[in-house]
Structures are given as C-alpha cells and as structure tokens.
Amino acid sequence: MDLEEAFQVVGEFGPYQQRAVAVLVLTQVYMACQSMLIVLVGSTPEYHLEPQDGDSSGLQRVVFTEDIDSIVTEWFLVKQQAYKVSLAGSLFFAGLLFGNVFFGPLSDKIGRRPVYLTVLFFEVIFGYVTAFAPSYEVFAVSRLLVGLMNGGIGLVCFVLTQEYVGKSYWAMTGTLTSISFAVGIALFGALGYFIRPWRTLAIVANSSGVLFFLLSVNLPESPRWLFSQGQTDRAEEVLRYIALRNGNPSKNLRLRRAAKDGNHGNRGAGVLQLWIHPVLRLRTMVLMYVCESSGNRYVNVAMYGLVELPAYPLCIYFINKHWAGRRKSMASFLGLAGCACLCTMFVPENTGTLLSVTSLALLGKLMVSAAFNIAYVYTSELYPTVIRNAGLGVCSMSCRRALHTSMPFTVFCLSGFSAGCLGLLLPETLNRPAVDTLEELSNDTHCRVLESKALLYEDDKLKSNH
C-alpha cells in the first residue's frame, strides 16, 4: 500500500497524532514570545537630560521619568545609543532568515526529528543567555542565535504537524500552527503587562520552551520523510507505533517498496533542485513573490496577534471547498488585501467612522494573514517530501525582509494584486495525493500550463543538444 492508504489504516488523525500535533502547535506560543521579546524588553520610557552636579564640562545625565525596566534603562540606550534596540531586533530577524535557509535543507537531508530537537534545545539555552546577559553585546549576540534557532523550529515544526497526519488534515494542522502563533503574540502582550522587569519577563517567556522540549523528546521521525528516503522498514515501524497508540494495531501493514527503488531519482535533492528542476523553479519563484508580500504598548502587542485570529477559520473553510481550494483562496485573499490598501488612499485620516484608515489597514492585515497561512499550507503541498523543508525555507526567507512602516500603501496594493494573479499559475492541491519524490513530481500530469511549457522547453533543449 502507499502512504495515504497506510494512514487510512493507522488513522489519519487519531488520538496519538492529536497529542503529537498539540505539542508541536503549542510550541508556536513559545516561538511567538521569542519573536516579540524585543518589543517589550526594548521599551524606551520618557526621559530628559540633566546637568551633572558639580560638573563644569557640560556632561549631562539621563533621567527616566517612567517606571519601566528594560534594556534601555539598564544600559542607557538613548540618544546616540538608541539604534542598539533596533539592532537587536534586526539581528533576531537576520538569524531567522538564515535559520530558514540552513535548517530547512538540513532536515530534508538528515531528518525532521533530530533537527527539531536540536534547534529547540539550543533556542532554550540561548534564550536564557538573553535573560542573564551581563552586557548589551552578549544580549545582541544571543538574539541573533535565538533567531537562528527560531527559524529552524518554525519550518520543521510546521512540516511535522502535516507529515504525522493524513493529507486531508493538512489544511487544519497547518492553520492551527498559525493560530497558535497569533495567540502566543497576544499572550505575550498580557504576560508583559503583569511582569515588568525585563529579565524576569525573558526568563518566564523562555521557560515554556523547557516544557515543550521535554514533551517533544518522544516524538517519532516523520514516516513520510523515512519513506521518501527509501527507509521503508523504519517508516513501517513508525506507522505501526502510531497505529498501536491510536488503538488500531496493524501488524500486517506493508508499504510498497517503489520508494527505495526510485530513491535514485532523489539523488542530489538539495536546495539547488528548487532552481534546477523546471517545475520546482517556477513554483519557487511564484511562491517567493507571494510570501513577500501608537497607544498602550501592551495592548498593541496583544492586538497584533488577535487581529489575525478571524483569518484562520476563513482559511479552513475556503481551502477545503472544491470550488475554492488552495489556489483560488490564496489569490482572492491577496486581491482583497490589495483592495483594502487601495481604499486607504481615498479615506481621510482621523475620520471617526468605521470606514477609516486604521480599520482598512486592519482588514488588509487580516487578509494578508489569511493569504500567508494558505501560502504555508499550499507550499508544503507543492513540494515533494524529499525537498519540502528546503522549499518552505527558501519561500519563508523571502517574507523576512523588514519593511519600514512608512512604506506607501500603494506598494502593498500592487503587491497584493500581482501576487494574487501569479498564484493562479500554480496547480491546485486540494484532494490530490502528496508527492514524495522528484520522480513523482516530474510524472505529475496535473501541472498548470506555465509548468507544462517549462517542461516542454527543457525537453526541446535536451533534444537539440543531442
């Protein structure tokens, strides 16, 4: 039997898979806290400068007028030193970018489980380094390393939530990870409200990672990854283990051996295949483009996460409908985001009505969040198992570039419309089996016109060379 038939036997989303997915999904709360940490621990309170007593040299001392404990107040990161707060945040996201690019292909090569456990362990370690940093320099380096690990966890964690379950549940488990991350942002805002000392906040936010690491130690390797690597016996062992924990013992479960014979087709299935393989090249270019796309500080952090929550039920509903699916839903949400951004240019500021720049901006963010969630689910389905994390990592990397908040809404409008149109060039993945190898991808007869032309072009080049 093939993998999807095997999941029908062991259970597509049985009690054991529900518990495993719950651990992985809740780990997103920890990741969200680390991602938003600098927003609160880097808070800059009101301050003024006073001349130092008995000093005729004109030197002034900083006097903070707000009762806030942060890295700014501890290391006096104001005036010429103020850039260091933004630098620490930038270092985190730089690490996140490199983590996406490095750990994605690595997990395709050596396995999901060892990469996931290793990066989670070191993120917890570096998180404590952040909390106990004796100087700004140590703090900044620790944020870079935490970001590096965070990027790796995000990718592998997301893929594992899908590869543990049957294909029909991928949309749900993928969406749950996004929901959990958004909830984590909101919870961190609440946590920061009650815990004001920045070191205590960093310790408490990081300590949940210890719990999730202990809960993750017994998670098995992805059976889909094992099967794609030709390790069929080990894949059968994992599936039997899942079946037993689900209460569906399946001693006679036997997977077809075609994956081992065809494993030669995956030789060299590294990140370069994203650009060498004609189908993957076009998919990667489109998906990278698609993915790129003042008040109380504690309320702002919470709202940043909560505004996304309504988007996820919409995702689950639309992407599982045959008349919408992944492709049309993603394109539509991107188009609506573009419309919302376009409308902001024609609405006067500070209008006190519901139709205001703020409400349209929040609507645009909701639509973008929905499209981004679909893009993650969709991306994991478009790439074969042997290169899934590499593809997801490269596409995720393209959305990590920080954009200044003053970027005109026109840019977002055009980006939303153009990304939506390009997304329609991709094939639909709803109710289609997951592809495990590059050979299966090349034999896929459901490619869109753009991809079919690419394959014909490659064939013509080969023939002309002969």
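Every residue, even glycine, has its Cβ placed from backbone N, Cα and C.
If you look up TrEMBL, you'll see 20-466 marked as domain 'Major facilitator superfamily (MFS) profile'. According to TrEMBL, the transmembrane segment annotation covers 21-41, 85-103, 115-134, 140-161, 173-195, 201-219, 330-348, 354-378, 407-426.
Tertiary proximity for the transmembrane segment (85-103) is limited to same-chain residues at least six positions away from its ends with a CB under 8 Å from its CB atoms, namely 34-35, 38-39, 42, 44, 71-72, 77, 115, 119, 136, 139-141, 143-152, 154-156, 271, 389, 393-394, 396-397, 400-402. Against the transmembrane segment (140-161), stretch 115-134 has more CB pairs under 8 A than any other of 115-134, 173-195, 201-219, 330-348. When averaged over the domain 'Major facilitator superfamily (MFS) profile' (20-466), pLDDT in the model lands at 79.
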